[in-house]
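**Student:** Feature table excerpt (Swiss-Prot):
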DNA_BIND  20-95  DNA-binding region
ZN_FING   23-43  zinc finger
BINDING   CYS23, CYS26, CYS40, CYS43  Zn(2+) 1 binding site
ZN_FING   59-78  zinc finger
BINDING   CYS59, CYS65, CYS75, CYS78  Zn(2+) 2 binding site
REGION    106-128  region 'Disordered'
DOMAIN    126-418  domain 'NR LBD'
BINDING   TYR142, SER234, ARG271, SER275, HIS302, HIS392  calcitriol binding site
REGION    145-190  region 'Disordered'
MOTIF     411-419  motif '9aaTAD'
Amino acid sequence: MESAVSTSTQVPDEFDRNVPRICGVCGDKATGFHFNAMTCEGCKGFFRRSMKRKASFTCPFNGSCTITKDNRRHCQACRLKRCLDIGMMKEFILTDEEVQRKKELIQRRKDEEAHREAQKPRLSDEQRNIIDTLVDAHHKTYDDSYSDFSRFRPPVREGPVTRSASRAASLHSLSDASSDSFSHSPESGDRKMNLSNLLMMYQEQGLSSSPDSKEEDGSSLSMLPHLADLVSYSIQKVIGFAKMIPGFRELTAEDQIALLKSSAIEVIMLRSNQSFSLEDMSWSCGGPEFKYCVNDVTKAGHTLELLEPLVKFQVGLKKLNLHEEEHVLLMAICLLSPDRPGVQDHVRVEALQDKVSEVLQAYIRAHHPGGRLLYAKMIQKLADLRSLNEEHSKQYRSLSFQPEHSMQLTPLVLEVFGGQVT
């Protein structure tokens, strides 16, 4: 009985691709190189048996039979002669002992591979479900076509150049990794809705649409109306995302609001990394009209004290090359921080955050062999976000104290950022 162990000769891929897969003995479909020649399984077995038995065949005709797939059994002498003519060599045939050793080697490799596979870190069903839920929540609350941006008050890039704007171009030379970003998640919202109403809406109905924003005349901060609408819209989407985090709805309304008020700008900054480009240090949200550079943000009242670390953060986060699963888990961890001002049930919030953190660590172990530092780098990004949040709050307060500017902000922005405690 023929051995099931292959004794085929391995040949380079380039040669394999250029050689027709036809048996050189009988013209049947070849299965590879066997004993130094391209043959079918039938002729491979015939040659092995003939050599092992040291068979001696005699042609009943004139010794020049044409061997084909249909007649290859009619003349063994000419078939064997054809095998030798195309280069098949008995030296390539394994002895019974060699065949047994090869079988054992193949089995040992299979066992080792099975053991490695069994030892590989795996996610539990519960952890996989948490990831799937968060990815789905992100997809439902982040429209990467940015189609709703046209509903905001239009961007106006003309106007007086501020000191920050004149220095903003220098940020385009940044290429190293470090701290944070500016906000611009997907979709628009009712500027008359407050945070409590939005929480109730998402609690009862889930995701909702968002009406058009009114166009108003701008002030010297020409981009403020547009970016105020963008941030208001992004806050609504963060609320929608938060409501789908496993366990978030079970928190008290007070704790939900406290978490959202304190973390909204940080989650927006995290989400905005999806549209951030390392090539020109800008956020591209669709067409040219909705491509934002640092100079645009200075025209909404922010200074380089926020924007420089913001861009460094975006660069650093982008260079981590996070999987989408890691990105959404990081957003959930950010949102579920028990040390936020106003949170009452710290233990419950911390338990939710710990569970998501464990999922992130398990995912990294399963998908980044040797990437032990990745989790620490991601958590450092959350620390960077705290600093950015603090600077954003300081600059927001300065802006909101000026009536001509605060009137450009939406009620939701005023509520979320107006009551922050730092």
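Every residue, even glycine, has its Cβ placed from backbone N, Cα and C.
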**Student:** Just counting, how many other CB atoms are there within 10 A of the CB of CYS75 (Zn(2+) 2 binding site)?
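**Tutor:** I get 21 for this one.
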**Student:** Counting every protein chain present, what is the number of Cβ atoms, excluding its own, within 10 Å of the Cβ of SER234 (calcitriol binding site)?
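**Tutor:** Its Cβ has 27 other Cβ atoms within 10 Å.
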**Student:** In sequence order, which residues at least six apart in the same chain have a CB under 8 Å from the CB of CYS65 (Zn(2+) 2 binding site)?
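**Tutor:** Residues satisfying the criterion: CYS59, ASN71, HIS74, CYS75, CYS78.
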**Student:** What is the average pLDDT across the motif '9aaTAD' (411-419)?
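**Tutor:** A mean pLDDT of 87 is what the predicted model shows over the motif '9aaTAD' (411-419).
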**Student:** For CYS23, CYS26, CYS40, CYS43, CYS59, listed as binding-site residues, tell me which one has the smallest number of other Cβ atoms within 10 Å.
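**Tutor:** Fewest other Cβ atoms within 10 Å, among the binding-site residues CYS23, CYS26, CYS40, CYS43, CYS59, is found for CYS59.
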**Student:** Counting Cβ neighbours within 10 Å across all chains shown, tell me which of the binding-site residues ARG271, HIS302, HIS392 comes out on top.
**Tutor:** HIS302
**Student:** What subset of the binding-site residues CYS23, CYS26, CYS43 lies within 10 angstroms of SER234 (calcitriol binding site), using C-alpha positions?
**Tutor:** none
**Student:** Max Cα distance spanning TYR142, SER234, ARG271, SER275, HIS302, HIS392 (calcitriol binders), Å?
**Tutor:** 25
**Student:** Using C-alpha positions only, work out which of the binding-site residues ARG271, SER275, HIS392 is nearest to CYS40 (Zn(2+) 1 binding site).
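**Tutor:** Closest by Cα: SER275.
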**Student:** Taking the Cα atoms as reference points, how far is ARG271 (calcitriol binding site) from CYS43 (Zn(2+) 1 binding site) in Å?
**Tutor:** 63
**Student:** Could you tell me how many residues in the motif '9aaTAD' (411-419) are helical, how many are strand and how many are coil under DSSP?
**Tutor:** 8 helix, 0 strand, 1 coil
**Student:** To the nearest whole angstrom, what is the C-alpha distance linking HIS392 (calcitriol binding site) and CYS26 (Zn(2+) 1 binding site)?
**Tutor:** 79
**Student:** Looking at the binding-site residues CYS23, CYS26, CYS43, whose Cα is closest in space to that of TYR142 (calcitriol binding site)?
**Tutor:** CYS23
**Student:** Test of understanding: give the count of other CB atoms lying within 10 angstroms of the CB of SER275 (calcitriol binding site).
**Tutor:** 22
**Student:** Given the binding-site residues CYS23, CYS26, CYS43, which one's Cα is the least distant from that of HIS302 (calcitriol binding site)?
**Tutor:** CYS23
